[in-house]
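Some notes on the structure that comes next.
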There are 2 protein chains.
Amino acid sequence: MQSAPLASSVGAASGDSVVSPLLPSCGGPRRNLFRFFASSRSESSLGAADGTKAAEKAPSAEASGDGAAGGGDVYRRLVSGTEGEKDFRVLLSKKSGERLSPWHDIPLFPNGRDARPLLFNMVVEIPKNTRRKMEMQLRLPFTPIMQDLKKDGSLREYASTLYWNYGAFPQTWEDPREPGGREVFHARGDGDPLDVVEIGSEVLPVGGVVPVKVLGALAMIDGGELDWKVLAIREGDPLFSQLNSVADVERLCRGVVPGIREWFRWYKLPTDNVVNQFGHDEAALPAADAERVVYRAHEHYLRLLSEEHEGEVEEGEAVRKEDEKESHRQEARGRNVAVYIETKERPPATGEAPADARQRETETKAGEKGEHVRKQKLWLP
Amino acid sequence: MQSAPLASSVGAASGDSVVSPLLPSCGGPRRNLFRFFASSRSESSLGAADGTKAAEKAPSAEASGDGAAGGGDVYRRLVSGTEGEKDFRVLLSKKSGERLSPWHDIPLFPNGRDARPLLFNMVVEIPKNTRRKMEMQLRLPFTPIMQDLKKDGSLREYASTLYWNYGAFPQTWEDPREPGGREVFHARGDGDPLDVVEIGSEVLPVGGVVPVKVLGALAMIDGGELDWKVLAIREGDPLFSQLNSVADVERLCRGVVPGIREWFRWYKLPTDNVVNQFGHDEAALPAADAERVVYRAHEHYLRLLSEEHEGEVEEGEAVRKEDEKESHRQEARGRNVAVYIETKERPPATGEAPADARQRETETKAGEKGEHVRKQKLWLP
């Protein structure tokens, strides 16, 4: 119980203020990491497949990874289309120019499993302080990062601006066939790569590949699906060496842990009328447990790759021409598969055919015994 | 320290889920209170003063206040212009049609000071689940609620959607000449009416006047100014009788108190690169203390009215023609005054002349002894 400041000290000089100065990271100075990326325009066939002018579509390549000590490989961002429009897409490439999938072709461990501090690669999807819902498109060839679409075909933005960099760990997958324990209400994985929230001060670019140190994890539950949010700090951030635990974040970056939790609790209220929940009594799990969450999602990913799956996507599927051609060209490397998941959920009401291959990544239909079977389509190497 | 759910109970049936159902209020069902307001179109001269067609500008009048037991007077909303555009403005009126200022002409206590439960009137500025920064324009005649403008003259939206109804207590003012105590870092009032966050399930309309019960208060500090956020619940909400304290909110509406605190901590990061702070060690003050915060802001308001002020705003001020005419017509009732505040703050860099009278409500210039004097312009009855 605290007393209200009703007996105000009228005579106090305003110079007496004890408001603490803003910390150097954790939301402080807003610098943009784009300037750390060597930028060069290079022409390739990607993005010109739909017949538009090559000049409009020529993807630009920028080196990603800032070459900090032990910072792992350098990747180039292959950008095509116009940011904020439907044709915008980001892939990665090696210096040789070979195209890389941000999900499949970036190693999870930039310096190996035994490096200390242990680092993981993060693929940036949504830069800090933006609202566009950029996401790896798991069913498209090379899983490019593109802006999500709403059911009506328009581009999806979050109701609220994300105050931190957001992305995914490559080569991870939260298996939707695997229910969790009681502490996460037995929720199953959401069928996506594992999400990561990077709390550093820099604005990271879409498609950036940055080595991060894991600090904790929140067990978000969204519509009965488990959707971990792993908290991490970028190698090279001014606070990198000082942040090693949830307690460090709470001490040096006050408000960041509850800020992230509350952002993810509320962001779907205006659009979906739901308030998300959290397992583990809403606590942020310690760093060691969070690392195990990453390991497990990596194991789920490796198991997914090793399994036998139903082959090429059916004919008649509303795949965009561009993507069909792309898929055809890359046949030797990739395969479109479907993963079947038994679920209690009801199928969504059938609507119009989706206008874009990004939509309807999953579909649900009635199974044999009144259960439903959800089909998730994925592009695997 | 908690263990991660790494040993998942693979066999658990998904029907075993213990995810708690969404509560009936606190972000649950999204109903819109607009339908509770009898709507009628009535023509008046307001809004047609700038020469546009009267048909476009005719304000509509809707009865506000939902007539719940003890719910106080009924006010009509006088709406003119187009929502989401610069000409949109909301005033209030009595049934007789007499125009009312939402700041000055609505009583703070709908049922008097001695009613139990004690209720305060709230004037809604920003409906739940919206992003437009609607605010009472304190220097314009009758202080209409309009959308704020940015420095470049464009309409201001928050970076994030507000998940709760937001507004102000009428006849309150946070005196910018009055420094607070040590527990709020000696911050001074922000020169605005006292803010209130209504946590009920209904979406309330711009200009709605709703009796609320005060539940707690957060001492937000923004740029060295004290800007209380009082938490309240609308009379008539399904949870009204069950919510009487911060503890009740934490028990029945998990996430609402931290959700509000984190929203206000972070919302200015993308646009202003600042993270707000909170006095009282970030705690939500108990209801009784929060009521005293309201009382004190009411006293500050009454003192403001009783003081002598510098008179009519200077000639040459960039007041919109519409507002000048309005001001002239209403001279008998209102007066434009300026309140001078000594401050340590530096004056902002001089820029272009503001395009709209909403802008530059305050201005700062150097005083005698190196201090600065801030001038706040207000329309008082």
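Every residue number used here counts from 1 along the chain in the order it is shown.
Glycine is no exception: its Cβ is also placed from the backbone N, Cα and C atoms.
Those TrEMBL annotations? Automatic predictions, nothing curated.
Straight from TrEMBL, the features:
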type	residues	note
BINDING	B:E125, B:D195	Mg(2+) 1 binding site
BINDING	B:D190, B:D195, B:D227	Mg(2+) 2 binding site
COMPBIAS	B:7-20	compositional bias 'Low complexity'
COMPBIAS	B:57-66	compositional bias 'Low complexity'
COMPBIAS	B:317-334	compositional bias 'Basic and acidic residues'
COMPBIAS	B:355-373	compositional bias 'Basic and acidic residues'
REGION	B:1-28	region 'Disordered'
REGION	B:43-69	region 'Disordered'
REGION	B:307-381	region 'Disordered'
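Distribution of TrEMBL features across the structure.
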residue: B:E125; record: Mg(2+) 1 binding site; contacts (Cβ under 8 Å, 6+ apart): B:M134, B:E135, B:M136, B:I145, B:Y166, B:G167, B:A168, B:V206
residue: B:D190; record: Mg(2+) 2 binding site; contacts (Cβ under 8 Å, 6+ apart): B:E174, B:P176, B:D222, B:E225, B:L226, B:D227
residue: B:D195; record: Mg(2+) 1 binding site; contacts (Cβ under 8 Å, 6+ apart): B:Y166, B:G167, B:A168, B:D227, B:W228, B:K229, B:V230
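Taking the Cβ of B:D227 (Mg(2+) 2 binding site) as centre and 10 Å as the limit, one finds 20 other Cβ atoms among all the protein chains shown. The Mg(2+) 2 site, placed at the center of the C-beta atoms of B:D190, B:D195, B:D227, has further neighbours from the same chain whose C-beta lies within 8 angstroms: B:E174, B:G189, B:D192, B:L194, B:M220, B:D222, B:E225, B:L226, B:W228, B:K229. Taken residue by residue with DSSP, B:E125 (Mg(2+) 1 binding site) is part of a strand.
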